[in-house]
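Trainee: Below is one structure. I have some questions about it.
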Amino acid sequence: MQPEVRRVCCAVGSCVRSACAAAWAMGRRARGRRFQQPPQPEGEEDGSDGSRKRGQEGWEGGYPEIIKENKLFEHYYQELKIVPEGEWDQFMGSLREPLPATLRITGYKSHAKEILHCLKNKYFKELEDLEVDGQKVEVPQPLSWYPEELAWHTNLSRKILRKSPLLAKFHQFLVSETESGNISRQEAVSMIPPLLLNVEPHHKILDMCAAPGSKTTQLIEMLHADMSVPFPEGFVIANDVDNKRCYLLVHQAKRLSSPCIMVVNHDASSIPRLTVDVDGRKEILFYDRILCDVPCCSGTVCCVNLRSTLSLQLRIATRGAEQLAEGGRMVYSTCSLNPVEDEAVIAALLEKSEGALELADVSAELPGLKWMPGVSQWKVMTRDGQWFADWQEVPQGRHTQIRPTMFPPKDLDKLQAMHLERCLRILPHHQNTGGFFVAVLVKKAPMPWNKRQPKVQSKSAQARDPKASNTVAATKGNPSDQSELESQMITGAGDSEAAQTTENTESNEKKDGVCGPPPSKKMKLFGFKEDPFVFIPEDDPLFPPIEKFYALDPSFPRMNLLTRTTEGKKRQLYMVSKELRNVLLNNSEKMKVINTGIKVWCRNNSGEEFDCAFRLAQEGIYTLYPFINSRIITVSMEDVKTLLTQENPFFRKLSSEAYSQVKDLTKGSVVLKYEPDSANPDTLRCPIVLCGWRGKASIRTFVPKNERLHYLRMMGLEVLGEKKKEGVILTNESVASPEQPEEEDAKQTAQDPCNPDSVPGCDPGAAEPSR
């Protein structure tokens, strides 16, 4: 990358939010880069006089030293007075320092408390008295405002992590747990919007600008707050306009193994309006919660035309408000401190809503978070430092770049009624974070150009079955005709579906449960061609052998099973929630779906020999387990250690209880379940469910390597290495008391090897491939 590209251009009033992965792994000086080039205010073209002097090449990679000064930036924000008096030096000093690395423990998994216990009592304790190059290492601290101490921040850089063996172990732990989906590395302020959405498991959620996916994973965790419910009634539709970034989003979401997430690829400002089937009739899908984290003039792009960015932000926010259910909540957020991108957008949205939207007072929702209230007065400045306090002052020649919506409303009564002070502005120096802006909007009535719409679903709308979600939540209010609802859309809202009628949407449902990619030629001009989503028919002969082999509960939602092929053998079976199935079947023609569903079964090449052609997949075992009534082996903690550290342990190496269960089973896929021992508080306190394979004389697990390491760490074992030929993972226990191989073991190994043909993915250390 060229030095000029790495030098971040900073728009007037823009505040850089460093990417969370880069901030953790690279230790980049994200905030310091904001001041490397004069900002690009409204109404001016980008220019370069080529006379900027380079510093000495002291930065890593031979790049010039970063000059963290921008007088115009300082002049702009000092004039706006968004920084309290007497705090300017701290504000600027914070911007010149690197962002601390932050991590978040995934809150919905039952292992979250075990991970937190492991971090606090093992890794963090080892850092307390540690020195590297004569400097005391700072111990990570919890974010005071994040619930249950599930988010932490540290100033440890990648370089420091590699200087000490103890820190190297800590770094390895973080990398491994991140890959397993148990820890997310995420910038602190980006954790705020999902928390303020106040998500409940039954909510239908739209994440409009979702990539790279850190906020999306938070939303998924909130849906799965109760892990005893495999299929929450709610779901997340995560959208991004960039096709390539959608696959990064898929990677992030897949780590959480949820059947309630769908990734789509659309322009957020014109994201299609979806329909669902409710009691045999088509109804428009309105979302209970919408996250609107819009692009802004910051990061690595010069904001040459702020008007274009402001217009996009307003169109995205408007489109979100249109699709929000009455009584629902939408969070608008940016990584900018500029009122033109923050309060100006909110004011314009509130004004056009004519009372349908209002700002919520969330001042008490995150105790411990320091923030500044939104401003109600601001000015606009050009590149040459010319100020305009009102639209009337703007010369005619600048009207194409500076627009009336960039200024505060002129009607003071209307401005006061907006309560812009309810917006939150996070200043970097208050809690050593990036700069951020958040506004929480509640929908009180339909938008003026919409006549009627359903209200947000009540939590007590219906009883919830812990094993399956039975129905799509019926929305309150009278059913609305789509043509009436969308006939009065405002100009420029980008609603490509506005003229569609209910009759048109009925043709969107694909026959035989096949949901292919959209037929639009325009959609096929970019991105990859996605495989279709094919739901398994009710009379498909593929399912009865599976149902019998695993003794599936009658409540198992078989209609939610799908594959990704219409031809040949079905090699993988995926599962989605009933609500997402409804969305897929009714919107495949208008929606570009990148990915949905979790893998629950994989075909064995010679599976018919074992009474069932499909083995269990670890990716979906926590979703599938509540419905399985057969082939379950209860194991002890010592059994789990044996199964995870040895590739093909023989039956006799298991406890007597486990041996008695496994010896009478036929060959094939099995479930290995560990339940905590309430009488022994020193053992692992969270349940574990693993996929296994019962061979002729041995048993093995099909668990990805990082997940194996996760469970071993939770049981207090330190992984020291791996003997790949023997398929053995070395731990501190195995090194301390090595087990001598016996002649009988060698004979049985030759007689009962792992058969790659009958059991795909024979390498226990390799993660199962996901589509």
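A Cβ is built for glycine as well, from the same backbone N, Cα and C atoms used for every other residue.
Because TrEMBL annotations are produced automatically, they should be read as predictions rather than curated entries.
TrEMBL feature annotations, pasted as is:
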| type | residues | note |
| --- | --- | --- |
| REGION | 31-61 | region 'Disordered' |
| DOMAIN | 91-444 | domain 'SAM-dependent MTase RsmB/NOP-type' |
| BINDING | Cys209, Ala210, Ala211, Pro212, Gly213, Ser214, Lys215, Asp240, Asp267, Asp293 | S-adenosyl-L-methionine binding site |
| ACT_SITE | Cys335 | active site, nucleophile |
| REGION | 449-518 | region 'Disordered' |
| COMPBIAS | 468-490 | compositional bias 'Polar residues' |
| REGION | 730-771 | region 'Disordered' |
Trainee: Would you mind reading off the Cα separation of Cys335 (active site, nucleophile) from Cys209 (S-adenosyl-L-methionine binding site), to the nearest angstrom?
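Mentor: Cα-Cα, rounded: 13 Å.
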Trainee: Which value in Å gives the longest Cα to Cα span across the S-adenosyl-L-methionine site residues Cys209, Ala210, Ala211, Pro212, Gly213, Ser214, Lys215, Asp240, Asp267, Asp293 as recorded?
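Mentor: Taking every pair of listed residues, the largest Cα separation comes to 20 Å.
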Trainee: Enter the number of other CB atoms within 10 angstroms of the CB of Cys209 (S-adenosyl-L-methionine binding site).
Mentor: 21
Trainee: Please work out the number of neighbouring Cβ atoms within 10 Å of the Cβ of Asp267 (S-adenosyl-L-methionine binding site), leaving out its own Cβ.
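Mentor: A 10 Å sphere around the Cβ of Asp267 (S-adenosyl-L-methionine binding site) contains 17 other Cβ atoms.
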Trainee: Relative to the Cβ position of Lys215 (S-adenosyl-L-methionine binding site), how many further Cβ atoms are located within 10 Å?
Mentor: 27
Trainee: Neighbour count, 10 Å Cβ-Cβ cut-off, for Cys335 (active site, nucleophile): what number do you get?
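Mentor: Neighbour count, Cβ to Cβ under the 10 Å cut-off: 25.
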Trainee: Where does the mean pLDDT land for the domain 'SAM-dependent MTase RsmB/NOP-type' (91-444)?
Mentor: 91
Trainee: In sequence order, what residues of the same chain, 6+ apart, have a Cβ less than 8 Å from the Cβ of Gly213 (S-adenosyl-L-methionine binding site)?
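Mentor: When sequence neighbours closer than 6 are ignored, Gly213 (S-adenosyl-L-methionine binding site) has Ala238, Leu248, Leu249, His251, Gln252, Ala253 within Cβ distance under 8 Å.
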Trainee: With every protein chain in view, what's the tally of Cβ atoms within 10 Å of the Cβ of Ala211 (S-adenosyl-L-methionine binding site), excluding that atom itself?
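Mentor: Ala211 (S-adenosyl-L-methionine binding site): 23 neighbouring Cβ atoms within 10 Å.
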